[in-house]
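Take a look at the structure set out below.
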Amino acid sequence: MSEGINKLWERRREEITYQDSATGFQACVYFASVFQAMSCGIHYLASVFMAVTPNFVCGIPGNVSSVLFYNSSKASLEDIWTMWTSTENYIVAQLENGEIWELNQCSKSKREVSFDLAYEYKGNKSIFSCSDGFLYDDTKWKSTVVTQWDLVCEREWLAKLIQPTFMLGVLIGAVIFGDIADRMGRQRVMWFTSAGQFVFGITVAFTFDYYSFVIVRFLLAMVSSGYLVVAFVYVTEFVGIKARTWASMHVHAFFALGIMVVALVGFLVRTWWVYQIFLSIATLPFVLCCWMLPETPLWLLSEKRYEDAQKVINIMARWNKVSTSCKVSELCSVQQDDPGTDRTSGNGASTTKKHNILDLFCNWYIARRTITIWLVWFTGSLGYYVFSLSSVNLGGNEYLNLFLIGAVELPCYIIACIGMDKLGRRNTLIPFLILSALICVLIMFIPQDFNVLIILANMAGKFSIGVAFGLIYLYTAELYPTIVRSLAVGSGSMMCRVGSVVAPFCVYLRSVWIFLPLLLVGIMALLSGILTLMLPETLGKPLTNTLEEATEMGRKKENCSGKTPPADSGAALEKIEMFGQETVSTEK
C-alpha cells in the first residue's frame, strides 16, 4: 500500500460522523473474548490444590486400637494429624492383636518385644516397606490425585512432574496455535481452543490412571495456552490505539480472577475430580457463544480478503450506528490496481506468502528485537513464579493466601496501564525490571528473623515483576507486524513457559545458597532492563502490517527535523480496525 491510501482514508474519515454508542460492537466482542481468559487462569493454577500432598504414613495390616504421638495418646489416627509438624515424625500404633508398629512416611517397623505402649523404644525392630498402602490426612482434602494414585515416596517424582508437564503443554501450545492463528485466522483458533478447554477440562475429572491424567492435562494446557495467546492478539487488533493499553491489561485481570476462583472453589470443594468439574464449568458460557465472534478486519486485509473485511466493517458500522460506511475497496484500490499484487481466489482463499518463526530473525533490527523480547518474557515468568512460590510459605490459610496472590495482581495492572499511557511501554517496562532487580538485592540484606519485612519485600518484588510481565504481551503485539503478530506473541509465550518450567528448579537452588534464586532473578531482570533500552517506543503508533514497516519503526524513531515520520501503510489498516471508535477517549 502507498501513501495515497492514507490520504484517501483521511478524506473518507472526515465524512464519517459518530454517535455516543460508537464502541458498542468492539465492547461486546472484547468482553466476550476476555471472559474466557479467566478459564486459562483457572487451569494454570488448578493443580495447586488438586495435586496437593497431605500428611501421610504407611498403612498397617489390622485394626488400630490406639495411637501414640510423643506423649499424646489418641483413639484414632485422625486426631494425630493436627499435631503433625515434620516429615521426620513417626506415629506409634497398637493393633487389636497387641502388635505395636512405628509408622513413618515411607517405611514402617514392627517392634519385636511388645509391652507398654511407649513412644521411645530401644529394642529390636523389623523394618517393612509400605506394602499395605498409605494412610492420608483427609481433614482438608478428601481426595487428591496424590492420594488417588499413591504418588508418594518412590512415586513422588510423578507428582512433581504434574505441573512441569502442564507447562510443557503450555509452551508447545503457544507456538503451535500462534502460528496457526496467523495462517488460518484468529477466529477459528479461538473457537477450537475454547471448546477444547471445556472438553479436556471435564475429561480430566474422569481419567482412570495417572498417565491418562497427565496426557489429558497436557492437551488441556495446549488449548488453554493457545487461547490466551490468540485472545491477546484478537483484542489488540479489534480495539484502537486509545483503548489498547487498558484492554490488553484487562485480559490479565481476568486471568487473575481465574486464580481467585481456584482459591474459592478449592475452599468449597475438597474432592479433586468434583473440584475439576466445577472449575471447567466456568468455560461453558463462552463455548455457547464463541461462534458469533467475527474475524478481525486487520487479519482479513493482510490476507487480501477484502470482501470479508468489508462485511465485518459493515457490521461494525450498523452496531455502532455510524452514518457513513467505510469502503475497503477505496482504501485498497491503489494496491489492487498494482499488477504485481497477489489477489484472492473466488472462494476467498489467500495466495499470500506464509510466514514462520525464521521471519522473527529476518534482519538485524528484528532479530535484536526478538532476542530482547524473548529475554523479557523469560525473566518475567521466572521472577513471577519464583516470587509466587516463596509467597505461598507465608503460613496461615492457604486458600486465603492464594486468593490474595491473585488479588495483588489487579493493582499492579492498573499501575502498568497508567504508566504505559503516560510514560510509554518501554519507559514503564525498564524501571520496573530494574526495580525488581533492586528488590532481589534488598531481600538478601534483610535479617531472616524479620519475617514481616521479608514478606512485604517479596510481595513488592512480585508486584514490580507483575507490571513488567503484564505489559510485555501488548508491547510484543505492537512491535511486530500483522503477518507475524500471533507468531511473535506465541513464541514469546513459549519463552515465558520455559521460565515457568525453570522456576521450580531455580527455587530448589535454595539448598545451595538461600539467596541464589533471588540472585539469578535479579541478574536476569537487570540484563533485560538494559537491553530494553534499544527497543522502539510504540505508544500512540499504529500497528504495522509488514516486516519492512516494523523494521523502519526501529530504525528511525524521529527524523532529523524532530518530527514523527509519516504514517506507513499499517496506519491505514489500523484506522480500518478502529472504525467506529476513534472519537472515544479512555480518559474519564
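Just so you know, glycine gets a Cβ as well, placed from its N, Cα and C.
Per TrEMBL, the feature domain 'Major facilitator superfamily (MFS) profile' maps to 82-540.
TrEMBL lists 157-177 (among others) with the feature transmembrane segment. Only residues 6 or more beyond the boundaries of the transmembrane segment (157-177), in the same chain, are considered here, and those with a CB under 8 A from a CB of the stretch are 44, 47, 51, 53, 145-146, 149, 151, 189, 193, 210, 214, 217-230, 357, 490-491, 493-494, 496-498, 500-501, 504.
Away from its own ends, the transmembrane segment (189-208) comes close to residues 33, 36, 39-40, 43, 177, 180-181, 216-217, 219-220, 222-224, 226-227, 230-231, 234, 273-274, 276-277, 279-280, 283-284, 286-287, 290-291, 293 of its chain (Cβ-Cβ under 8 Å, at least six residues beyond either end). Annotation source TrEMBL lists transmembrane segment at 189-208 (among others).
The annotation transmembrane segment is assigned in TrEMBL to 214-235 (among others).
Counting only same-chain residues 6+ beyond the ends of the transmembrane segment (247-267), those with a CB under 8 A from a CB of the stretch are 30, 34-35, 37-46, 48-49, 228, 231-232, 235-236, 239, 275, 278-279, 282, 399-400, 402-403, 405-407, 409-410, 413-414, 416-417, 470-471, 473-474, 477. The transmembrane segment feature in TrEMBL is assigned to 247-267 (among others).
Positions annotated as transmembrane segment by TrEMBL: 273-294 (among others).
According to TrEMBL, the feature transmembrane segment maps to 371-387 (among others). Sequence-distant neighbours of the transmembrane segment (371-387) (same chain, 6+ residues past either end, Cβ-Cβ under 8 Å): 429, 433, 436, 458-459, 461-462, 465-466, 468-469, 472, 475-476, 479, 488, 491-493, 495-500, 502-504, 506-507, 517-518, 520-521, 524-525, 527-528, 531-532, 534-535.
Annotated transmembrane segment per TrEMBL: 399-416 (among others), in sequence order.
Annotation source TrEMBL lists transmembrane segment at 428-446 (among others). Here the transmembrane segment (428-446) has long-range neighbours at 376, 379, 383, 416, 419-420, 453-454, 457-458, 460-461, 464-465, 467-468, 471-472, 475, 515, 518-519, 521-523, 525-526, 528-529, 532-533, meaning same-chain residues at least 6 beyond its ends whose C-beta is under 8 angstroms from one of its own.
The transmembrane segment annotation in TrEMBL covers 452-475 (among others).
Counting same-chain residues at least six beyond the ends of the transmembrane segment (487-507), those with a Cβ under 8 angstroms from any Cβ of the stretch are 163-164, 167-168, 170-172, 174-179, 181-182, 225, 228-229, 232-233, 355-357, 359-360, 370, 373-375, 377-382, 384-386, 389-390, 472-473, 476-477, 479-480, 517, 520-521. Positions annotated as transmembrane segment by TrEMBL: 487-507 (among others).
What TrEMBL lists as transmembrane segment is 513-535 (among others).
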